[in-house]
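Have a look at the structure below before the remarks.
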Amino acid sequence: MNSYMDKYGDPRTNPWFLMSSPLPTLMICLSYVYLVKVLGPRYMENRKPFELTNLLIVYNFLQVLFSSWLFYESMMGGWLKHYSLRCQPVDYTDNPIANRIGGAGWFTGRYNFQCQPVDHSKHPQTMRMVHACWWYYFSKFTEFFDTIFFVLRKKFDHVSTLHVIHHGVMPMSVWFGVKFTPGGHSTFFGLLNTFVHIIMYTYYMVSAMGPRWKRFLWWKKYLTTLQMAQFVGIMVHAFQLLFIDCDYPRAFVWWIGMHAVMFFFLFKDFYNQSYTKPKVRARSPVPVTTSLSEDVTYKNGSVKNGFSNGHTNGLVRARTVLPAGN
């Protein structure tokens, strides 16, 4: 397998960390699924939830910074200056900008939105794009902490199928992109995704600050809409290459496009369950919280946040929560 990877993989990324074989990434992803679905819940079964408020604020703030940097590098690596929105081939040169990533090309006109082939050179700008692709791949591992924090706080209902599929699949998907096509047309996916993550992790950071910040989170529904719009944009951008000539691998066109289709319908189902179906709270004797920070502990005979039932004990967990890491 390694000989095949070395033969057909991009020689610029072959020696990089975790790039020689897909097996380490696959094992990390499988370990993640086992940790959050089996080992973690078993470990927390007879333990109290961890109080991680300050850690969550810091973590989400760092994710905002990381996503902002990746978005900037994507712009400066190609999309700002020289990438085409129609077709952008991969730059296989040693150009530093290509090694950085594609963002710069999107804004400067060098990247084409309709067809952007891969630049195989080592030009400085080309290499800038390539490096940013690897860091985007690495960011998929940092997002595992979204789920780990859910488990440590015993919010097992947040560890949904959508959440685990998304986080478990993305590192493997991005690995193939960095291995074979680091740069070019597919980096538009990362460009949109990092932009959405800036907004998404900002939401989570504010949400973690506590109930007094709830009034600033009225736009949660629109964040989900933005996430779906992201996948529509990725679908259109990828599948257009099926109808035009572009020096970009068709296999990756289908790979990226079908990922976008799958996640669009998963998020659409989440949206319907959360916002368009009759509200559960209308029939419930206790309020149903709707964001990461709205878990409330009710004590006998007490009233909190305007709700009273006089007898409810324990933690009321959120049932409507944005799927992290989109």
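Glycine too: its Cβ is placed from the backbone N, Cα and C atoms.
Beyond the ends of the transmembrane segment (16-40), by six or more residues, the same chain brings 1-2, 5-6, 9, 134, 137, 141, 144, 147-148, 150-152, 159, 164, 167-169, 171-172, 175-176, 178-179 to within a C-beta distance below 8 angstroms of the stretch. Among the features that TrEMBL reports, transmembrane segment is placed at 16-40 (among others).
Sequence-distant contacts of the transmembrane segment (52-72), counting only residues of its own chain at least 6 positions beyond either end whose CB sits under 8 Å from a CB of the stretch, comprise 101, 103, 132, 135-136, 139, 142-143, 145, 149, 152-153, 190-191, 194-195, 197-198, 201-202, 204-205, 208-210, 292. Per TrEMBL, the feature transmembrane segment maps to 52-72 (among others).
Note on the transmembrane segment (134-152): residues 13, 16, 18-19, 28, 32, 35-36, 40-41, 44, 49-50, 52, 55-56, 59, 63, 66-67, 70, 73-74, 101, 158-159, 163-164, 167, 170-171, 174-175, 177-178, 182, 190, 193-194, 324-325 of its chain, located 6 or more positions outside it, place their CB under 8 angstroms from a CB of the stretch. The transmembrane segment feature in TrEMBL is assigned to 134-152 (among others).
Residues annotated as transmembrane segment in TrEMBL: 164-182 (among others). Below 8 angstroms of C-beta separation, residues 5, 8-10, 12-13, 18-19, 22, 25-26, 28-30, 32-33, 36-37, 90, 118, 129-130, 133-134, 136-137, 140-141, 143-144, 146-147, 190, 248-249, 252, 255, 259, 263, 266, 323-326 of the same chain, each at least six residues beyond the ends of the transmembrane segment (164-182), sit close to that stretch.
According to TrEMBL, the transmembrane segment annotation covers 188-210 (among others).
Here TrEMBL flags 222-240 (among others) as transmembrane segment.
The annotation transmembrane segment is assigned in TrEMBL to 252-271 (among others).
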TODO: May I ask for the residues of the chain that lie six or more residues beyond the transmembrane segment (222-240) and have a Cβ under 8 Å from a Cβ within it?
DONE: 85-86, 113-114, 185-186, 188-189, 192-193, 196, 199-200, 203, 253, 256-257, 259-261, 263-264, 267-268, 270-271, 274-275, 322, 326
